[in-house]
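One structure coming up, written as structure tokens, with questions to follow.
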Amino acid sequence: MMDTDATTRPKAITRLQVQVRGIVQGVGFRPFVYKLAHRLGLSGHVFNSTSGVTIEIEGSKPALDSFLKTLRTEPPQLADIQEITVSHIVPFGVAGFSILHSREEGGAMALVPADAGTCDACWQDFSDPNNRRFGYPFTNCIHCGPRYTITEGIPYDRPSTTMSNFTMCSACAAEYADPNDRRFHAQPNACSLCGPSLALLPRGAALPESFTDTDALPILHHARGLLREGKILAVKGLGGFLFACDATNETAVAELRRRKHRPHKPFALMVRDIDAARALCGITTEDEAALRHLRRPVVILPRRLDTNQVPGIGLSVAPGNNTLGIMLPYTPLHYLLFSDSPQKDSAFSALVMTSGNISEEPIVISNIDALLQLDGVADWFLLHNREIATRVDDSVVRTFEGRERVLRRSRGFTPQALSLASANESVHPSVLAFGAELKNTFCLTRDGHAILSQHIGDLQNYETLQFFEETLAKMKRLFRVTPQAVAYDLHPHYMSTRMALASSIERKIAVQHHHAHIASCMAENHLSGEVIGVALDGTGYGTDGKIWGGEFFTANLGSFSRRAHLRYVPLPGGDAAVRQPWRMALSYLRDAFGPEVPDLACLRAIPLKQRDIVNAMIANQIQTVETSSCGRLFDAVAALLNLFSEVTFEGQAAIALESIALAGVTGGYEFDLHDGEPITIDLRTTILAIVNDLAAGKPAGEISARFHNTLSTVIAATCCRIRDLSGLDRVCLSGGSFQNMVLLRPTVVQLRRHGFQVFLHSMVPANDGGISLGQAAIACERIRTGA
Ligand SMILES: [Zn+2]
Ligand SMILES: [Zn+2]
Ligand SMILES: [Zn+2]
């Protein structure tokens, strides 16, 4: 009789090939696999390939099952697994597990990790006087540190990063080779003996041939002293230079504004730790999570009114704002500007940290450019000699309903891929979407992934265009994308449109701006089918040649139909009307009252001659287009309340209006919806009521609150009307106006009360930074359906 007892039969050996896709390179994935295989007694090997990580693993079935389970459930913290495919291959019968060299594979795509803020363990290392990395500003490990900003090619290995110039010392090399070390295969691994180092130079000094200081602390102490004296420093960080100054020194902050030619736009602050942030702002649990997240974005937080316990923040940091943009240090270098260790007092309650650029140009990334271009702003330069391969600004987020809402998507986010709404379709077109003109990003798609570029900026100068082109070339190379079509905005004068039309890619897909906003929100929320889309923003070119911006659509990813919009009013003088909100006030007043407008303080402040010119422009339709822009409506109301006659950046008036809105004010103003195709939203009675409230001496904060309430009621009422006509009850909210929390909050409440399902942006900006994703989603859909 044959022995059928399983315990005495030799165990069946299986060999699997496991392909892991997603963010699996540069995040400690191979060492994680290595350790796991050893622990389970499995043999085989692992290597980085151009499409991700490939594992061949051999052993008993239970051990392999356990291996696959842990792979899925306990990956390294920076990893983001998107797909695991497993196939059976012939067992080798060879013992041992090893990490092999990276391999190239034709055409496949790997995802490059984003930069990550310093992890807790590295924090310990550089702040411990007994650690060999004490005070070393470039301390990192497999769980943290630079990634995208040092990556020049794939696979992600040291030779394809800007760390290739540094040869590891024996201690670092030993860590790198030890599978049980946190720095096992950490590509940017370094210490003061072998890695990047600092130099501190005054304005006018020449760049040294080499950086030789191995002790960073004396340099950092000197830098700290300069900041305390009120000096402005240009500090080279992860993705570019930042200007730093003591945020409590009003003279220094005002001087930085003057030199940077940035009169009003808020400056971001960096504070040493969460307690320092709490001293300045009200912080919820989700705000704290956003601040501490390894992405370390700038988080927009409500200012505390009782900031007596800390020296006051300079008035010029964020004039006219009831919020502050705050971030925590994301590299040891930033931390060491405050103190040597957590046990020591911080030298500053906050430092201004703002992009190292002049006006709206891209941030500077090289030492030589900094010395040549930023010398009109910085008194001193804190440089290092690790090259920045890719320029990446700080990201900006705000939290709402427990989630981060990205306002500027850059460091820490880019180049993380988003999976497209249609990822489960079988056809995955590769497209390049050129984005909008302001807050530009572009988007590449491949295999159902959308890769959004970092924030590029306003495409209005040569340097920004160059930045766009460099980044595009790099991303195409890194992700091996060969687009089969380009998508672009309908606006004929956008630089992004001109670039798209000049592209050698033949297939070109035009996308209406607000349809792109809605599609961006749909794509992010993985929606298909038909939705009601509400897109409120400053400017977007309409299919009728007018300037849209207060739009209600029914839409799917392929097409849209305009169901309602704000009543058209004249936009006198195009860009000039954006800079001078009083022009929009006059336009709205004439619309509500006719040519004889009431005598208001906001208009009396404008020279009569200028008013006459604008009156004539509106009356005779000279240099005047019609607009349904919601941004311009905010401008008009801000001007009526006499908050501004002139602004220096788009959205400034709306932010001021949001800032003064009094909490606890209920009720709004009357308005009219006129049925039609599309429905017209008529706010003339609203404007009349605002003027009455002004005449009655009501406080501006109350009028602002009532105006915001009115708009949220308008949105809910219009959506109800569209639901009656279409039967749709899913609403996507998009466009820059929804960054305004005083508008967003009651809008969401009202829509839900009316039974709508509401979808918002989270990981993609609601503003024009999200346009490229929408364009890409629409282009993919049109290619897929042959439209
Ligand atoms: Zn670390
Ligand atoms: Zn070293
Ligand atoms: Zn827009």
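Placed from the backbone N, Cα and C atoms, the Cβ positions cover glycine too.
Keep in mind that TrEMBL annotations are predicted by a computer and have not been checked by a curator.
What TrEMBL records for Arg30, Asn48 is active site. Marked as domain 'Acylphosphatase-like' by TrEMBL: 15-101. Annotation comment: TrEMBL describes 217-412 as domain 'YrdC-like'.
Can you walk me through where each of these features ends up in the structure?
Taking a C-beta cut-off of under 8 Å and a sequence gap of six or more, Arg30 (active site) has these contacts in its own chain: Val46, Phe47, Asn48, Val53, Ile99, His185.
In this structure, Asn48 (active site) is part of a beta strand by DSSP.
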Using DSSP, what is the helix/strand/coil residue split across the domain 'Acylphosphatase-like' (15-101)?
24 helix, 37 strand, 26 coil
Across all chains shown, how many C-beta atoms besides its own are within 10 angstroms of the C-beta of Asn48 (active site)?
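Around Asn48 (active site), other Cβ atoms within 10 Å: 24.
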On average, what pLDDT score does this prediction assign to the domain 'YrdC-like' (217-412)?
94
